[in-house]
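Encoded as structure tokens, the structure appears first; notes follow it.
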Amino acid sequence: MTKLTQQDAWAQLEAQAAKLPHMRELFEADPQRFDKMSLSACGLLLDYSKNRADEQTLEQLFKLAKSAGLSDKIHAMFDGEIINNTEKRAVLHTALRAEADEVILVDGQNIVPEVKQTQAKMAKFVEAVTSGEWKGYTGKAITDIVSIGIGGSFLGPKIVTQALRPYWNPALKCHFVANVDATSLCEKLRLVDPETTLFVMSSKSFGTQETLTNTLSAKAWFLKNGGTQVDIAKHFVAVTSNVAKATEFGMDADNIFPMWDWVGGRYSLWSAIGLPIALLIGMDNFYQLLAGAKSMDKHFVEAPLEQNMPVIMGLFSLLYGNFYQAQSHVVLTYDHYLRGLPAYFQQLDMESNGKSVTLNGDNVDHATGPVIWGGEGTNGQHAYHQLLHQGTALIPADFILPLQSHNPLGEHHVQLASNCFGQTQALMQGRTFDEALAELDGSSQSQEEKALIAKHKVMEGNKPSNTLLMDKLTPETLGALIALYEHRTFVQGAIWDINSFDQWGVELGKTLGNDVLARLQSDEEAKALDASSNALINLFRRGHL
């Protein structure tokens with residue numbers, strides 16, 4: 001296969017990037033631009049008209065996708081082929097959203113029945129806890145869930161429960177612990193009562209350093225505050241593949257939920273890793289979350305590339321990284337409940353596409369994954385939006401807004417929407433020198449002063465953005481939104497021909513961290529590592545500067 005950067009479409013896109021008119025001109029030339037460059041699917045509307053693209057750009061982007069075999073790669077993932085080539089694994093988080101009558105094979109076995117059995121087990125457990133049938137060791141009902149995990153087993157459930165706050169069971173609270181920093185755990189334990197607290201420990205191996213350390217400390221706290229070893233089973237459950245270690249810990253085998261190798265951590269919220277979500281919002285709403293993601297799966301598989309929402313978003317991100325040297329991408333959520341999504345999408349994209357070799361091990365000769373960052377509108381407008389408007393770096397943006405608020409109050413939501421739409425317009429349109437100068441008419445300043453100030457008020461514009469709308473934030477629309485970004489991430493990795501489903505950089509950090517831990521716990525002065533690491537270890541062991 002011809003290298004990506006040697007494809008004709010690549011050369012065409014390079015040429016077009018240098019000569020494409022300003023977006024102001026593109027909108028002036030085509031009053032129907034929004035109608036032509038917007039798309040509705042799965043309860044979401046994507047407005048991609050404020051991107052640096054004309055019909056030729058789109059044509060070449062789709063040509064590039066086709067030359068990379070994108071459609072075949074999409075089907076390969078959904079069919080359970082081994083697309084994670086370094087770990088020899090299928091990638092089937094989509095199977096967690098499958099219908100009961102679907103057949104999805106892994107090693108010749110249909111995995112859908114096992115998925116459905118696990119969901120049924122989750123439903124039974126959720127009902128027991130939320131109904132009050134499940135009691136703590138003193139006979140009291142559960143009031144607090146403490147979810148202990150790290151990475152995908154922490155961030156996904158945390159962000160989803162945060163986003164779906166209006167759907168919470170009022171009788172339950174959920175607290176999330178990930179960092180091995182003791183402060184994280186201790187602050188949560190101060191909020192809960194051992195008699196009414198349920199700990200959900202999520203670790204595939206039951207040996208992840210941070211998760212195991214936090215779980216052992218939680219167990220010690222529980223035993224210190226009235227619980228006994230026999231009571232552990234009433235207050236600790238696990239999501240793990242290592243049943244033996246979980247039962248040795250004191251958990252009942254009936255309350256251990258499975259994990260599978262064909263689900264990566266950052267794609268795992270749809271599995272039993274989502275147990276804290278289900279406990280808080282109820283199993284019916286959890287099923288709606290899955291249904292929303294399933295609808296996006298269906299759209300991704302069936303829609304032509306030219307009308308495919310994840311494909312379009314992935315291609316535009318690729319366009320800016322590879323042809324405009326954009327090194328970051330900002331996600332701006334105009335809904336307080338969605339304030340955590342940028343961090344979730346950050347992990348999803350950067351852990352997936354932060355790669356520098358192709359599937360065959362060749363060094364890539366182009367940029368891959370950008371830095372993903374962002375925050376909550378309108379807060380960001382009074383902070384980092386300044387850089388978006390007048391900084392020297394091109395930073396594409398995604399704006400996300402529900403049309404209806406869960407908390408309608410006066411003019412709040414219409415003001416929120418006006419800021420969202422106004423920002424996308426300002427980024428696209430900018431302000432010319434003449435426009436800035438005209439705004440100063442009537443002031444008492446000299447012409448020289450006006451000219452100087454006008455130069456500082458100029459904004460180039462032509463800054464690209466997508467706008468994503470939904471009627472209202474619900475479990476179903478949230479599921480579709482998260483699946484959209486999952487598939488958008490896949491599209492980029494598939495075209496770049498990289499493995500979006502391993503994370504060897506993360507693994508190296510774990511290995512070296514364990515090595516350093518052994519040296520920190522040793523009585524001997526650190527000498528074997530580099531001079532900097534040795535000095536830092538010795539300073540830490542001394543306990544002061």
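Numbering starts at 1 and runs along the chain as displayed.
The backbone N, Cα and C atoms fix where each Cβ goes, and this holds for glycine too.
If you check Swiss-Prot, you get these features:
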- GLU351: active site, proton donor (ACT_SITE)
- HIS382: active site (ACT_SITE)
- LYS510: active site (ACT_SITE)
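Cβ neighbour count within 10 Å across all protein chains ranks LYS510 highest among the active-site residues HIS382, LYS510. Here the CA atom of LYS510 (active site) lies 14 Å from the CA atom of GLU351 (active site, proton donor). Looking at HIS382 (active site) and LYS510 (active site), their Cα atoms lie 38 Å from each other.
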